[in-house]
Amino acid sequence: MGRYNISHKEPQLEALEQWRRGVFALNAVRRFRHTLKVDKIREAQDRKKFKVAVLVSKAALLFIGGRFKITADILKSLPGNYDLYKDCGGLKGISNKVDVCELESGISGSERDIKERTETFGVNKYDEAPVRGFWVFVCEAFHDLTLIVLVICALVSLAVGIPTEGIATGWYDGVGILASILIVVLVTALSDYRQSLQFQELDKEKNKVKVSVIRGGTRMAIYNYEVVVGDILVLSTGDQVAADGIYIHGNSLTIDESSLTGESEPVHPSADKPFILSGTMVQYGEGRMLVTAVGMNTEWGNLMAKLSEGGHRETPLQVRLNGVATVVGKIGLAFALVTFLVLIIRFLIIRFEEGFDNWKTEYILEIVNYFATAVTILVVAVPEGLPLAVTLSLAYAMKQMMKDNALVRNLSACETMGSATCICSDKTGTLTTNHMTVVKVCSAGYVGAADTLGSKVSEESKALLIETIFMNTSGDIAEHGSHSQALGSPTECAILELGLSLGGNFRKVRSAHRIIRSEPFSSETKRMLTLATLENGRFRSYCKGASEIVLNMCEYKLDGENKIAPLEREEKLQLENVINTFAREALRTLCIAYIDLDDAPVDEEELPKKGLTLVAIVGIKDPVRPGVKEAVSLCFKAGIKVRMVTGDNLETASAIARECNILTEDGIAVEGPAFRNWTPVEMGQNVHRIQVIARSSPADKLKLVEYLKSQDEVVSVTGDGTNDAPALHESDIGLAMGIAGTEVAKASADIVILDDNFTTIVNVAMWGRSVYTNIQKFVQFQLTVNLVALVINFVSACITGEAPLTAVQLLWVNLIMDTLGALALATEPPYKALMEKPPVGRKGNFITNIMWRNILGQAVYQLIVLWVLQFRGKEILHLNGTDADTVLKTMIFNVFVFLQVFNEINSRDMEKLNVFSTMFTNKVFVLVMLFTVVFQVIIVEFLGMFADTVPLSLIHWVINILIGFVSIFVAFIIKFIPVPSKPFTEFLPWNKRNEEGTEYSPLPSSDLV
């Protein structure tokens, strides 16, 4: 079974091809529909070797008229074509040709303007694989080899039956088989079609990205597919570039083009290298670009169109269940062959005794029926529904998780999240609301509430604070008449709103100074620097960031009279005490400072990091989200450790962690610098007690993830920044924040938490456990039906010379246990009891001892009941008359079906005694049960000519249902039988555990107490 183990994170294409070669499938088209199309992916990878478009004749420019003086074909040929770029007039010429007169204002953005641009230059969407209709799925369902064989058998039955038995009755068997096949195909196709629609809906959500543009002089957020040629796109660290374009201006803008070209060397756009390509990532810095090509006019659009044809990567559980289906299918094939041989041998013996001189045409029909029975046994034996049940469960879970604000990017994450043993969570926006407000300020000798600051300091001090706030920000202020709105990250907005509350005018301050350089905030430096000119010809470098870091860079302070004074050691200690006081009140603290320079640092020379003048220390309130404390408690109850990894200082982080119930008395809170310097011995002693890492860097988060994984922990990590990408990728389940997260972080994540809420993460863990447990339920149910159907037909064929269940009846049983069973059991919603057990982690068998106990217990009961009916049924039920045999066969078929109906109810819970709990809240389950029972009544009472049944009396119906219902009590008794915690397969002398199984993360098993 080694080939059926794959990595849950980006398995190699060779590994995917290997397991498929070893699969025994009756309908490979349907089995592999929801798996990655390797050939399409290889073709898309080849396109990453980016080639510049062919040159376009300069003469073409001379014949363009209308509003826009350039065509989409010319614009899409611009990247890399410097001659064409110059011929078009460079940035200014191209902006005029696409009717953008002012680069600072952008396009008007009116409805008419957008319409004309999309009609001329296209929309920012790539061609997706065409939506497949219902009848395509019907055709795929007909690809099943056994169904094709049964169709042939049905046609032969018609060809032989009508001449020998007459037109009145000779067509019953053949038409019965054909009708059964048609029902199986239609129900299967309908189920697959619904799954396909769910996947399409989720794919559309995954492709939605918010971007910032300038329209009509106002910065606004729109979706990537709304971007048009002529838009001014605002780029920031972590963004994915939404279209091809030309660089306008920026600060330290660095682009990663590896996703498109395969080249790892970053690109630094400039006036000399102006081309920025769609699909690339902003690695660092910020800037603006003019959009020149969108959608299928970009190389990225063509690449994504190819990738959209590739389908979804199969999950480890899908692959494993394909392995189970292959093993069971080969056993079923052997049983089917032996059954057919036994029936044929018995037939030949009887014919030999009678003499072949008495050969009748009906004998051909009898042989055909034997063959059809054998083929149908194979249909029932091969559990095609196992891997497809995973797809059904995942599709259902993904759709429901979307309603719970979790967007699944990697299918296998649905499985793996349920086995998470720890969650390493950010603080800001995840555990807290991310609605920040400056509530405390220390500035110019004043320490107190922010709302009274304006009346406590001098006008000069206030003006200097406003200047340092407005000049050193990555945010912006949008003017709406008399109302001003802060734009940017929550932290930036909080500080900008402080500046506005002090009476500051953002545009006036910015227009009085010219920004020369800017170093955006990063997780490594924990500060932001901006260099700007002053009116007197000098320069000023503004700085803000982590309070203790910036404070250590300061050597001067702003006193109450707006004078600069040396910052003495005692005063610095007092300021550190202020910072700690703010932090103990769970406030996030930042320092704001500046330094004046006679000369500006040239080129790459660093901006000063000492000798700064402290202007203010601010305390920002970010309240804990409602429900977080309860969610954390639920995690601990479920055996999931929650760790806070944050960039805030230790006091703030510890205060918030205690408020969230994360930091306990025996837990450890440590700062990143101390953590990264731990020796291996210290790491081993302390890492399992760590509950808070403060002032952490992305490297600290990555180190924590790697060590926890080495200890067999299944690690889930949250992240929002570009530098979080390595930790998100390395973790078992990467969770990116949908609101605060950058596109780089989202691209590296498995699941995007759309509301940035920790409670949503806990819901995802619950859904993960639900997916796995639901599939376990279905596997238990299906393997029970497989085992009973194989044994009863084989033994009966050997002893009596005929199978108790006909081809039509077995096809109906197959529909019950395959498509209908998957619908009923694989779509059970999660319930809180799932979080009352510890996770299995990395080690554990999918088919647990409890499942084997339930399978074997039910199988023994069902076989005993069916054999007693078959061999002693006439005596026990007092069946007499010419139709006694037909009535008995009908009752065997009816009992068999009701045994499966009640066993399906038993399978709803593999441990608990009450299997009816919440059953009626699951509408799908109830509808499947009702459909099964109602259609069974119709088959027996009204379709006997096709299904070889006769109508039963009321007393017989009561007996059949009661026999099925007894299985509920059998399951009740079986659950008292203890099972060893060690998987029973390990007791087998030839069994060797697969030591390479650590790549796969199994989810919670129900055999844990």
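Placement of Cβ uses the backbone N, Cα and C atoms for every residue, glycine included.
Owing to the predicted nature of the structure, the values given are computational and were not obtained by experimental measurement.
Positions annotated as domain 'Cation-transporting P-type ATPase N-terminal' by TrEMBL: 90-162.
Marked as transmembrane segment by TrEMBL: 134-159 (among others).
Here TrEMBL flags 171-190 (among others) as transmembrane segment.
Annotated transmembrane segment per TrEMBL: 327-350 (among others), in sequence order.
The transmembrane segment annotation in TrEMBL covers 370-397 (among others).
The annotation transmembrane segment is assigned in TrEMBL to 783-803 (among others).
The transmembrane segment annotation in TrEMBL covers 809-826 (among others).
The transmembrane segment feature in TrEMBL is assigned to 846-867 (among others). Outside the transmembrane segment (846-867) by six or more residues, the chain places 317, 320, 324, 776, 779-780, 783-784, 787-788, 791-792, 795, 804, 892, 895-896, 899, 903, 906-907, 910-911, 963, 966-967, 970-971, 974-975, 977, 979-981, 983-984, 1002, 1005-1007 with a CB less than 8 A from a CB of the stretch.
The feature transmembrane segment is assigned by TrEMBL to 887-903 (among others). Same-chain residues lying 6 or more positions outside the transmembrane segment (887-903) and placing a CB less than 8 Å from one of its CB atoms are 781, 784-785, 788, 792, 804-805, 809, 812-813, 816-817, 858, 862, 865-866, 869-870, 873-874, 877, 879, 929, 932-933, 936, 940, 944, 947-950, 952, 956-957, 959-961, 963-965, 967-968, 971.
Counting residues 6+ beyond its ends, the transmembrane segment (924-947) has Cβ neighbours under 8 Å at 169, 172-173, 175-176, 179-180, 806, 808-809, 812, 816, 820-821, 823-825, 827-828, 890, 893-894, 897-898, 901, 904-905, 908 in the same chain. The transmembrane segment annotation in TrEMBL covers 924-947 (among others).
Residues annotated as transmembrane segment in TrEMBL: 953-974 (among others).
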Overall pLDDT of the domain 'Cation-transporting P-type ATPase N-terminal' (90-162), taken as the mean: 80
Top partner of the transmembrane segment (809-826) among 171-190, 783-803, 953-974 - counted as Cβ pairs under 8 Å: 171-190
